[in-house]
Amino acid sequence: MHFEYAIFVRKFAFKSVGQQFQRILSQKKDSLNRNKKVKPFIQLNFGKIIAAATIGGSTLAVSIKLYINFVQYDVISPDKFIPLTINKITPVNYNTSIFRLKFPKPLKETLPITSCFHIKDDSIQIVREYTPISPTDERNYIELLIKRYNEGHLSRYIHSLKEGNIVEVRGPILTFPYTPNMKTHIGMICGGTGITPMYQLIKHILSNPNDKTKIYMIYANVTKQDILLLQELDQLSQEHADQLKIFYTLDQPPDDELWTQGVGYVSQNAIKNHIPGPQEDVLVLVCGPDGMIRYVSGDKARDLSQGSVGGILKSLGYKQHQFVYPQTAVSSILTLHPTNISSAVTFTSSAISTIQTPINVVSTDNNKVIAVYYTYWKRSSLAENNLPWTKITHVNFAFAVVDDQFNLVLDAQSQTVLTTLVTYAHAAKVKVLLSVGGWTGSQYFSTLSSTVTSRTKFINATVSMIKQLNLDGVDIDWEYPGRQGMKCNAVNQKDDANNFLALLTELRSALGNDKLLTLAVPTSPFDGPNGTISDVSPFAKLVDWVNIMAYDISVSDTYTESWAQFTGPNAPFDIPNTTSNRISFKSSISNWVNAGMPSSKIVMGVEFMGRAQTALEPMSTSQYVKRNPIVPQGDQSDQMSADPCPDADSSYSGVWTWRNLRQQGLLECTLESDSLWTRNFDNVTQTPWLYNSDTYIYISYDDPQSLYVKAKYTKQQGLKGIAVWEIANDNGQELLNSIQILNKNIPSPTNDCSSSGGSPSGSSTGSGSFHKLALSGPAIAGITLGLAALLSIIAFVYTWYKIKRAAVVGPINTKFVSNDA
């Protein structure tokens, strides 16, 4: 099962400017609740703490030195505020200046396009973002065009600073991921300081002789004096007259000269006359005050990111819709319809660092598939620019979903992350597929596949999205045809399998053979009117491969379809001889091969996590005992949640990601547990499991040892490869390394007691990254005690010195007071 979690990232709006837009400014948007940070749980081993304390002072000194070296190495960071010096201030007009911020040393990479920087004022804890206007290839400094607003706390603060002062900066933050020639025509509508991201993008496009994109811009201001970068823009439009067209409009045109440009609001006629219409291969960017954005392209979403298209652009035919995710606030969504290839977007923020093309790229032609699922809600654990590119061949981005009108829906935040992901992946020769569906996203598949009209609508939208986002294919994750997944899913056991076959037939025809079509499937073929279908060969002819989800299962004798009454392994490789008609990694392969799926089209799914259960009796050597049906809380990220169905009950998932098994201290080493837990390895099911005798908590999971067994068997059986749910759950590359046996000869894993598991990419992430030291719980405690011991020694020496000095010099002005006083 593939589960989705909704996480929102704040998108920032540009500060309002111009009297014409002040008339239509809205009230401030309500802030969304942010995810609560959970205090990490540390398993304390007092014997190891005492041992660690004996070297704590040395460890502390080394740690501080390493930390200082890391900080000195980094110039800027998208994750941390860095102090930069204001090197130069150049006034532009009566209320706007250019602030040059000098880097302590040159950047190793140029800034991503388009990107901004956050600046903060610690005195009132306010952060705003500003887009650099400095040359795109400049590595020694950034220049920020900042207008002073009377009501703007941060702009007043920045304008109060002088040359030589320090300002705290965080970035670069990607605001719109651009690739050359991504569209043949780009329309830009901006007002006031909303010109800065447009200016950055314009210069980038025009500086590349191979980028033939034509740019059409409407720039609105109050007076001519308010037009920022006027000379620079006019020069660019003259030098590139065939590629850049600019139309200015003013609320108050000058009285002393002939004004031949626009007057007043950004009107519908102005957009019709100066911006490309909603045709194929057209993109429209809008940036400026809230009122202008609302008037031109509609309200932003509640989280201040792009909302549904409205205003003038909607009336002109630019289509985009808003969808409400169950159990969440309103989220902005990109919805592609068959007739809508062009789209209108506003600038939003998400952090990335500069691109570095990996070396020793894995070729997909002569190697087994190593596909990984990547989800936008896990990007805080693993950023989209930092996947282990040299060790994977495919990325399945999860998830787009189908709504009740059979539209293909992908929210704006996911779109931004996916666009960046595709750029990095393609640079590394890694293919990217869009995964559609998932556990909570399969509600309407049965209805969708039942008619030609609904299938055609979905297929056309899918093809359009693949084209627009430059994807390599689509992965259909219907959970499950003919079988109940989430309890409010539509299910038609009689016809689902046949309708699914019709959908895939038509989808393959529309995609052609140059795009990948894969399926995420259960451990046995789909259900038909008489139970599991026995022949899947018609499906095999249409798909490139199937990803068999051989996890979230149990092998106890009392196993039921959803959960067992007994504890049992989450993802067993094999099953006991005494067990019949039960599920395992091996049996699921047999189920599909016997039904007609070629071995060369089978990719086996593995999971980089485990699940917890509560035993009702002690577990000495067997992992099969009666269990409590109530699922216990898993790791620190596990929260009470419910499926988006009426009257669905909330519960914990019991999930322990591999990352948290290691980082929360349950596993001190890859094959060794903390003293509070007992690690066992079942040689029949080839699975490790943890047991806590105090709490009766049992955790079944996969580790490097068990995954090595599965990957080696996959290779021996001539299968297509391995698919991982999900890559961000790894700790460094501890688990991913173990399945590299698919494409190279490596020995079986040994016990690794390092805490980090290695960096995700195996190399530095560039000058824009900030490195953190990974320390285990005992190490942290040892350092703390070592520091305390060091301070105690210093205090003792100091006291001894004072006493000795007092004995030599004698008391000075000492007054003795009686206790009776």
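Just so you know, glycine gets a Cβ as well, placed from its N, Cα and C.
Just so it is clear, the model here is predicted, and its values are computed rather than measured.
According to TrEMBL, the feature FAD binding site maps to ARG128, TYR130, LEU145, LYS147, SER155, THR196. Among the features that TrEMBL reports, domain 'FAD-binding FR-type' is placed at 79-179. As annotated by TrEMBL, domain 'GH18' applies to 368-746. Under the heading transmembrane segment, TrEMBL lists 779-801.
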Between the two most separated Cα atoms in ARG128, TYR130, LEU145, LYS147, SER155, THR196, the residues recorded as binding FAD, what distance in Å do you get? 15
Give me the long-range Cβ neighbours of LEU145 (FAD binding site): same chain, 6+ apart, Cβ under 8 Å, in sequence order. VAL92, THR96, SER97, ILE98, TYR130, ILE133, THR193, THR196, LEU228, LEU229
Overall pLDDT of the domain 'FAD-binding FR-type' (79-179), taken as the mean: 88
Within 10 Å of the Cβ of SER155 (FAD binding site), how many other Cβ atoms can be counted across all chains shown? 22
Secondary structure split (DSSP) over the domain 'FAD-binding FR-type' (79-179) reads 7 helix, 46 strand, 48 coil
Among all protein chains shown, how many Cβ atoms are found within 10 Å of the Cβ of ARG128 (FAD binding site), not counting that one? 20
